[in-house]
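J.: Dumping what Swiss-Prot says about this protein:
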BINDING   Gly74, Asp75, Asn76, Leu77, Arg96  substrate binding site
BINDING   Asp97  divalent metal cation binding site
Amino acid sequence: MWKTTDLCDEFENELQICRQPFRSFGKKEQFHGKIATVKVKDDNVLVKEGLQTLPEGTVLVVDGGASTNCALLGDNLAAIAEERKLAGIIVNGYVRDSSELKNINIGILALGTMPNRSVKEGKGERNISLQFGQVEWKPDEYVYVDEDGVIISDKSLHR
């Protein structure tokens with residue numbers, strides 16, 4: 001079993017440490033996987049498309065610009081991720097249906113909750129580098145999450 005603290009000790013100069021104040025909403029507190037990215041503004045159509053097409057074990061990283069206008073993820077989309085065996089979802093934005101999310105067996109990080117839904121226009125970008133939390137999130141790199149933090153590596157560290 002790995003811990004972010006141990007990975008930081010062992011690979012100190014090879015990691016990025018995210019400094020975004022995320023809250024955990026999913027059932028899993030610890031998760032890791034290959035990164036896939038989506039950048040959106042108050043629109044979760046590309047989030048849904050990503051969840052429906054990404055391979056098992058992936059972590060979808062959603063940059064919603066920390067917008068407080070709406071939630072980008074709720075129980076329906078999280079259930080798709082669970083059904084498809086994704087490792088987790090990290091949202092630089094907000095979620096809703098938090099009481100249901102805690103029973104969904106994936107990792108879910110977000111800034112907080114917002115009760116209203118997003119627009120459905122399909123605007124945004126996929127598979128691009130994102131920057132938030134003082135780190136760069138690149139597709140096909142690896143993210144490790146537990147109760148102590150979020151770290152990113154350009155290679156798999158999990159043994």
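Each Cβ is built from the backbone N, Cα and C atoms, and glycine gets one as well.
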J.: Would you mind reading off the Cα separation of Gly74 (substrate binding site) from the residue listed as 'divalent metal cation binding site', to the nearest angstrom?
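T.: If we compare the Cα positions of Gly74 (substrate binding site) and the residue listed as 'divalent metal cation binding site', the gap is 5 Å.
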J.: Looking only at Cβ atoms, how many others are within 10 Å of the one on Asn76 (substrate binding site)?
T.: 11
J.: Indicate whether Asn76 (substrate binding site) is helix, strand or coil by DSSP.
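T.: It is helical.
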J.: To test your reading of the substrate site: which residues beyond Gly74, Asp75, Asn76, Leu77, Arg96, same chain only, put their Cβ within 8 Å of the Cβ centroid of those residues?
T.: Ala71, Leu73, Ala78, Ala79, Val95, Asp97, Glu100, Leu101
J.: Counting only residues 6+ away in sequence within the same chain, which have a CB under 8 Å from the CB of Arg96 (substrate binding site)?
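T.: Spatial neighbours, sequence-distant, of Arg96 (substrate binding site): Ala71, Leu73, Gly74, Thr113, Met114, Pro115, Asn116, Arg117.
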J.: Test of understanding: give the count of other CB atoms lying within 10 angstroms of the CB of Leu77 (substrate binding site).
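T.: Leu77 (substrate binding site): 23 neighbouring Cβ atoms within 10 Å.
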J.: Using only C-alpha positions, which one of Asp75, Asn76, Leu77 is spatially nearest the residue listed as 'divalent metal cation binding site'? These are the binding-site residues in the record.
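T.: Among Asp75, Asn76, Leu77, Asp75.
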